[in-house]
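Q: Quick one: the structure is below, questions incoming.
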Amino acid sequence: MENITDAKKEGVSDSESKVDSGVPEVPVPPDDTPEVLNKALSGLSSRWKNWWVRGILTLAMISFFFFIIYLGPMVLMMIVLCVQIKCFQEIITIGYSVYHSYDLPWFRTLSWYFLLCVNYFFYGETVTDYFFTLVQREEPLRILSKYHRFISFALYLTGFCMFVLSLVKKHYRLQFYMFGWTHVTLLIVVTQSHLIIHNLFEGMIWFIVPISCVICNDIMAYMFGFFFGKSPKGCCKTWEGFIGGFFSTIVFGIMLSYVMAGYRYFVCPVEFNNDSNSFQVDCEPSELFQLQDYFLPSMLESVTGWTTVRLYPFQIHSIALSSFASIVGPFGGFFASGFKRAFKIKDFANTIPGHGGIMDRFDCQYLMATFVNVYIASFIRGPNPTKVIQQLLALRPDQQLYIFNSLKAHLTEKGLLPALEEAAAA
């Protein structure tokens, strides 16, 4: 009562007092399970009905995943963008419902405007970084690339000023709540999806294996929790599900990596070919994707009878990816579960029957994307001579000559230049 009295003294509206009371009202989405499944599974208990619905829809989603992989990296990037937009819409809709903000002036428009601004910034950075030659060749792209960050800042500043101008005295608190809600959503959703696309440019294997490991852990944790867990609902958030999902994901990651590492289509970076004016996935695989012999520890040697084992180095890295997907990745799901409990909702949406919304399926994927990007930058990626040459060719002739003379002097000092000249003469 004291809090409500203070709120009224400060001139705060009733809706804002309700927010402070911690009892948000979020409408419960109706069950939209296909009628065909409802009729076919009508004789089952709710536990087994949910198991079959989740299983059937999971197989459908996995089949769709294989299909878009077949269509190539550019389609994958478009799917990532679509998923990002849908996740943003689901979280923002919850904010609208919780804070009763449908009557806030311009806020729905501003939320989507900020999404557009942030995507323009991140995708512009990506195009400039990975398609430098194409950008320098096309005059409009070159100008946009040169002033990209200034344009991005100007766009964001416009939205910021529009927000300030839209402030209404009786809705101050609600408007700032939603301003913060929008920006946190952008940080979680847009930034992470941008990292997913960066991982994809390094090679489709860096996109497919991590995502598949998270999916495998989610499925196996649910299976072990359902059949061996002590929870009457068969929840995947049990010790049985956690342990079973961990070991299953490790084995799955190693096997999937072995299969994919042998194909250039999966291991080669996505690059733009100037001659054909198209994107290509073709290269000479690096040592990371070439079979090598590894000596087994004496304990494993005594058990298996093998002295060495032939593996791709990427399979060793896949153990780290699988471990993260199994041990740390679920914390993304726990975070999402805590978020939903805080606002008394079961799912982010009802887009996928038996699974909830798109965000319910990708809550762990975003955390995994950040780890993979950091892992590549820390342990995998080295200097890229191609990018250095592209940047050198964009310099003025006098700058190119300066770098040439500096490099020549450096190689001569190291004693490498005479050897190179003799090899060229021979």
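Positions of Cβ are set from backbone N, Cα and C atoms, glycine also.
Annotations per TrEMBL:
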- 1-19: compositional bias 'Basic and acidic residues' (COMPBIAS)
- 1-32: region 'Disordered' (REGION)
- 106-123: transmembrane segment (TRANSMEM)
- 150-168: transmembrane segment (TRANSMEM)
- 175-197: transmembrane segment (TRANSMEM)
- 203-229: transmembrane segment (TRANSMEM)
- 241-266: transmembrane segment (TRANSMEM)
- 314-336: transmembrane segment (TRANSMEM)
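Set these features in their place in the structure for me.
A: Outside the transmembrane segment (106-123) by six or more residues, the chain places 81, 84-85, 88, 92, 96, 148-149, 151-152, 155-156, 159, 162-163, 166, 175, 178, 182-183, 186, 190-191, 194 with a CB less than 8 A from a CB of the stretch.
A Cβ distance under 8 Å defines the sequence-distant neighbours of the transmembrane segment (150-168), meaning residues of its chain 6+ beyond its ends; these are 104-107, 110, 113-114, 116-118, 120-121, 124, 144, 175, 179.
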Q: Which one of these stretches, 175-197, 241-266, 314-336, has the most C-beta pairs shorter than 8 Å to the transmembrane segment (203-229)?
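A: Stretch with the highest Cβ contact count: 241-266.
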Q: In terms of Cβ proximity under 8 Å, which residues at least six beyond the ends of the transmembrane segment (314-336) contact it?
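A: Here the qualifying positions are 205, 209-210, 213-214, 216-218, 221, 237, 242, 245-246, 249-250, 252-254, 256-258, 261, 267, 288-289, 348, 359-360, 363-368, 371-372, 375, 379-380.
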